[in-house]
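Below you will find the structure I want to go over with you.
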Amino acid sequence: MMKPEFFCFSGFCVYFLFLQVVVSSEKLRVTTPTRHLLARVGGQAELSCQVIPPHSVMHMEVRWFRSGHSQPVYLYRGGHKMSEEAAPEYANRTEFVKEAIGEGKVSLRIHNINILDDGPYQCSFNGSGFIDAAIMNLNVTAVGLETEIHVQAPDADGVMVECNSGGWFPRPQMEWRDSKGATLPHSLKSYSQDEARFFYMKMTLLLTNMSHGSIICCIFNPVTGEEKQTSIILANELFNRDRIWMESLASIVWIMLSVYILYIICFYWRTGCASGCLSKCFCVVTSWPVQIVHLLFCTGTFFAIYLPHRSRVSLSDPQFPLYNNWITELLFVILFLTICFALPIILLFIQFQFTSLTKWEKNKDGIMDQPRLGKAHETSSLYRKKTGKSWEQEK
């Protein structure tokens, strides 16, 4: 018969071993060296996790998966890769690194990173009554390849500069800066995404003068802090748009007035009209060529007053460039067509007036010469009569 002391000792040993296993199991946990990983599009990322304290996980199930996905990214079970259960979008892009699996360290290497790989991942261990997982976040970044600055045609409000850049992820930050590094307020900012989730950015700036020097378009990635800059220097002539078309308008008005004055001078010079001939002056002023000149002058004056003070659309309106361009271009078209139509008619009318005045002067001279011819004819008749009488007397 066994002694009671032996049973007590055996029970104590079993309890001690059970407690050791429980304590050891409770101490095991899964961790990761870093919870945030950065990877570039087209590059690779290594998702590492380990069991601490070090413990072999060779016969455990190791799984990487993403929340919201029914299939795992990678599954290791029974010492083999379970390819048929993995998500198809990761096929031929994953590599299981298990050199330190005996120490509880494993890694999943993902090749050819794309934007769809961005997001959180979980690494879990399951086996021998132990199950635990660790979460890590993979941040995929992409830096745009090209940044372009386009300058739109100047209008009455200034010069619109546009900065375009694509191929960014995540959405970058954009801002305009001057040559001193000061931030300039943008007029409009917008973005879009393509099917691959790349961001395409667009930002505009309205410049009314050249006091800013060179203009710099800055784009930087908020995750990596990488920045790209593209600068442009605008010629001063672009900011003289208002002065140019105002000078053109003034030149047109002066041409019309010169034609008007020339027409009046030529009319008075041809007719010999004195300065007090109000009736003839009124006829000249009310003639239709002069009325056309008046119409052009009033139209040009109206646009010269209206354009600088007209109510304008908001700078954030997508149709802002269209609105400010068409009204100025319409002015030039109207003036051009009016000049091309009216100036030849005025010149032809002046030529017609000169021809009419010349004929009128010739007719006037002919009428004045008729009495002289009559007197000469009478004189010659009397002379012949006197000559005939004297000849008869002599005979």
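A Cβ is built for glycine as well, from the same backbone N, Cα and C atoms used for every other residue.
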In Swiss-Prot, CYS49 is disulphide-linked to which residue out of CYS123, CYS163, CYS217?
CYS123
Quick one: which of ASN126, ASN139 has N-linked glycosylation site in Swiss-Prot?
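Record lookup in Swiss-Prot returns N-linked glycosylation site for ASN139.
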Identify the disulfide partner of CYS217 as annotated in Swiss-Prot; candidates are CYS163, CYS273.
CYS163
Measuring Cα to Cα, how far is CYS123 (disulfide bond) from CYS217 (disulfide bond) in Å?
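One finds 42 Å between the Cα atoms of these residues.
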Could you tell me how many residues in the domain 'Ig-like C1-type' (142-233) are helical, how many are strand and how many are coil under DSSP?
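Output for the domain 'Ig-like C1-type' (142-233) reads 0 helix, 53 strand, 39 coil.
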In sequence order, which same-chain residues at least six apart have a C-beta under 8 angstroms from CYS49 (disulfide bond)?
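Long-range Cβ contacts: VAL30, THR31, THR32, LYS105, VAL106, SER107, CYS123, ALA134, MET136.
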